[in-house]
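What TrEMBL records for this protein:
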DOMAIN    683-743  domain 'CBS'
TRANSMEM  55-76  transmembrane segment
TRANSMEM  107-132  transmembrane segment
TRANSMEM  152-178  transmembrane segment
TRANSMEM  222-246  transmembrane segment
TRANSMEM  252-272  transmembrane segment
TRANSMEM  310-330  transmembrane segment
TRANSMEM  434-452  transmembrane segment
TRANSMEM  458-479  transmembrane segment
TRANSMEM  486-511  transmembrane segment
TRANSMEM  517-534  transmembrane segment
């Protein structure tokens with residue numbers, strides 16, 4: 001729930017439902033998503049009646065929606081860049097101009113710089129704390145959990161989208177050590193969710209065609225495409241976006257989705273390219289330099305020999321160690337921040353302002369420690385840099401000199417990375433400068449991530465990695481012929497591998513960022529080494545945050561202790577079942593006094609000779625059926641035809657988030673409560689079932705692979721009731737199993753788990 005800066009969710013109360021109540025500062029239900037096809041009479045009737053025209057409409061709509069996701073995400077990505085470059089550029093120009101004037105110019109310049117940062121940071125924190133607390137942090141863990149089947153409240157709501165876009169612009173412009181790349185993934189997912197909800201009933205923007213998408217399966221596919229589009233827009237890396245969605249975000253994948261995600265990111269690339277070309281004419285203010293490649297290194301010719309490989313192996317080892325340490329420290333800081341953020345919005349804003357002041361003092365104060373360096377005679381660029389971006393910042397130095405530390409601190413994060421990646425600049429940065437910058441960025445990156453501002457981890461990690469890459473490149477210059485700029489790229493790759501544990505997607509994103517294909521083997525090698533080493537210490541950073549937020553994420557593999565248990569061991573009672581023709585009062589009572597979302601339907605005598613399991617009926621279907629008030633005086637099984645005439649399959653379609661019927665909305669007279677309703681037409685007659693003696697490990701893999709919400713457990717022997725219980729997502733959660741079996745291999749439980 002909420003953000004990296006939201007309350008830590010210490011304790012969970014579990015029941016036999018797929019609803020998990022979290023006890024913390026803000027109680028919020030976490031629902032599971034329903035990816036299963038509900039094969040009831042209504043669904044079968046609808047499927048039989050579909051004509052070719054409707055199937056064609058559905059296919060056209062699918063492609064139209066992914067086209068729109070690509071267009072909108074590309075536009076938002078461009079708008080983010082444009083806004084950040086202009087706001088941050090104005091702030092840096094103002095400060096730079098003030099430093100050239102008067103005696104007390106340096107103090108005035110500091111107050112101008114710190115004041116701008118403070119106002120921007122406070123604005124970002126305020127909209128985040130008051131409008132959409134779920135928008136804080138990167139958003140990648142939330143999208144990852146959603147695509148795993150966890151529907152936490154408001155993580156993809158329109159208010160979250162609004163705060164994600166504007167909060168990210170304000171946060172990055174405020175000079176924080178954070179990026180806009182993580183929030184772009186969340187933004188893409190929010191855009192996809194908004195389009196896939198079938199419009200908005202609230203604003204009367206509904207369309208009959210969009211009803212086809214009122215189910216979790218199609219929304220999941222759209223949100224996967226949205227997250228791919230987000231990466232493509234942030235890094236201008238279309239192929240990297242598809243691979244990111246495949247490797248990190250999505251839990252379910254198939255070839256048709258690959259084709260659609262690729263189309264989405266291609267649209268993003270076309271949109272960005274055309275807008276960037278338009279900006280080259282100087283119509284976009286301070287944004288206009290650079291092209292589709294963010295940090296172009298293609299001009300360097302990389303030839304490498306055996307000694308270079310030794311240097312690269314050292315880089316990979318350092319990246320793995322630093323990455324593991326970064327994740328460990330970040331985990332500790334987030335736990336402290338969550339206690340502060342629990343106290344409410346004013347404390348969130350206060351924390352953000354404090355970190356903003358520390359960041360401003362570092363950015364403005366630390367360059368004073370660096371000595372002035374005379375401009376190189378053979379400098380390609382103007383030295384010292386007049387205006388905003390460039391390698392040679394004047395800062396407090398006399399004419400003809402530059403301050404190398406200011407060239408890194410007194411820039412936007414993108415420009416600092418560009419300076420570190422720049423080639424042919426062996427002697428531009430002093431060793432002491434790089435050490436100071438690395439320490440500051442590493443620490444500020446950890447301190448900044450938990451504040452109530454939309455913040456990405458990619459940029460701080462690339463900055464810190466590129467800095468120690470340059471340090472290693474300079475130290476090993478005697479044995480290696482590679483340019484320090486290329487070492488900076490490899491350092492960034494090693495640190496990304498060490499923190500995020502992604503390999504294929506990071507490799508392709510970095511190659512698309514730098515346009516330097518010759519480095520492919522080296523980037524692959526360094527990523528593999530750093531990931532392997534860091535995996536020995538802890539989990540990837542996003543996996544850690546998912547655990548910390550208490551999102552019941554299901555891994556693709558079963559935990560070893562699950563092999564010692566069977567499905568029947570973990571189903572907890574009491575089980576509530578309905579008869580095929582049930583009294584209205586019983587259904588209303590069950591819906592009012594339990595949070596269950598699925599109920600087994602069992603036919604008993606006189607309807608059948610012996611009790612038999614008909615299937616499963618969901619809460620949402622029961623509510624629609626009760627709302628229709630098609631009740632009977634006697635307990636008789638009907639043909640179901642008049643239910644099929646009264647309702648269409650789309651009446652039972654899942655509404656958008658936060659909408660839909662609730663039991664509190666329905667009223668019944670005493671007479672109606674004594675009547676009966678036939679559940680057969682809306683019961684899913686082919687639910688997935690497992691025998692109670694099946695190993696829990698196998699049941700968990702089945703549950704995850706099929707994207708289920710309910711898994712029915714049936715008895716092994718015939719002379720018992722036809723159902724033992726229901727397995728839901730929370731029955732596979734470590735804490736629940738540990739609560740039932742406290743003596744079960746406690747050393748196998750991770751020390752990072754909540755309450756562990």
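Every residue gets a Cβ built from N, Cα and C, even glycine.
Sequence-distant contacts of the transmembrane segment (107-132) (same chain, six or more residues past either end, CB-CB distance under 8 Å): 3, 87, 91, 94-96, 98-99, 154, 157, 159-160, 162-164, 166-167, 170-171, 173-176, 345-346, 348-349, 351-353, 355-357, 359-361, 363-364, 451-454. It is 458-479 that, among the stretches 55-76, 152-178, 222-246, 252-272, 458-479, forms the most Cβ pairs under 8 Å with the transmembrane segment (434-452). Stretch with the largest number of CB pairs closer than 8 A to the transmembrane segment (310-330), among 55-76, 222-246, 252-272, 458-479: 458-479. Under 8 Å from some Cβ of the transmembrane segment (55-76) lie the Cβ atoms of residues 165, 184, 187-188, 191-192, 195-196, 209-210, 212-213, 218, 222, 225-226, 229-230, 232-233, 260-261, 263-272, 275, all in the same chain and six or more residues away from its ends. Sequence-distant residue pairs (6 or more apart) of the transmembrane segment (486-511) and the transmembrane segment (222-246) include at least 3 whose Cβ atoms are under 8 Å, placing the two stretches in contact.
Among residues of the same chain six or more beyond the transmembrane segment (252-272), those with a C-beta under 8 A of the stretch's C-beta atoms are 35, 62-63, 66-67, 69-71, 73-75, 77-78, 147, 220-221, 224-226, 228-229, 231-233, 236, 238-239, 241-242, 245-246, 292, 707. Each residue in the domain 'CBS' (683-743) gets a DSSP state, and the totals come to 22 helix, 12 strand, 27 coil.
Averaged across the domain 'CBS' (683-743), the predicted model reaches a pLDDT of 92.
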